[in-house]
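Per Swiss-Prot, these features apply:
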- 170: active site, proton acceptor (ACT_SITE)
- 177: active site, proton donor (ACT_SITE)
- 7, 8, 9, 10, 11, 12, 94: NAD(+) binding site (BINDING)
- 94, 120, 121, 122, 173, 174, 178, 268: substrate binding site (BINDING)
């Protein structure tokens, strides 16, 4: 397939390289010339000019949009007038599911297919095999299922159903992630405050071999402690990107109790003023899987 890729940030540049590895043709677009040049050097076409970008694709076009949720509407406003009926937009960032439903309806009126694709696995997943949760019309899904099959890990993609369902699943996934990361951080803070002198890298390693709590997150915990044995180089500030808040808000709307997720969100807010070891662990984990910045001491 020939894919038009909009957004060549940490996730977009890596998914673009994986598309090429899987023998798909890629045309990249970003306002950052250096990012465009990097993808072109890997074998893609690319430009910083949106009209030129669209001209390098032929109907029916497939656009993969991977930009921060706050600029999706601006991207759609600029690109949709350049598209033709039957073209497709796959929005693979972290948008609120209600916004995805609204955008689906807008694009449907213009005759453009619109899929909302929740993407998990961080930068490594984007580069080597991700997890996808996709919502939208089944007719559109059938066209691009091979693309998701090629770029997902084995059994790592799901057609979730109607518009919005893909990003709804990703939202809840991220809420669960908040709770899991908080529990890992709290556990290591208890270790830090105990009378024992533990090697946290070794602790994370042994817990990740055969224990009930083994996981990719525990593996990333080991990796973080390998780089900084006591996380002395970073502050315990845990930033949040919105999905945990959306999960809690949705749970309140549905009158569904989510105390673990809600408290993990509250602790992230608290970390903006109080430096804790839990915060250091969570901040380090976010940096490991998503390249999210930590605040240095």
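Just so you know, glycine gets a Cβ as well, placed from its N, Cα and C.
Owing to the predicted nature of the structure, the values given are computational and were not obtained by experimental measurement.
Note: the CA-CA distance between residue 121 (substrate binding site) and residue 11 (NAD(+) binding site) rounds to 10 Å. DSSP gives residue 121 (substrate binding site) a coil state; it is part of no helix or strand.
Within the same chain, the residues at least 6 positions away from residue 8 (NAD(+) binding site) whose Cβ sits under 8 Å from its Cβ are 16, 28, 29, 30, 32, 35, 36, 38, 39, 46, listed in sequence order. The substrate-binding residues named in the record, 94, 120, 121, 122, 173, 174, 178, 268, extend over a maximum Cα to Cα distance of 21 Å. Annotation: 268 carries the greatest number of neighbouring Cβ atoms among the binding-site residues 10, 173, 268 [cut-off 10 Å, Cβ to Cβ].
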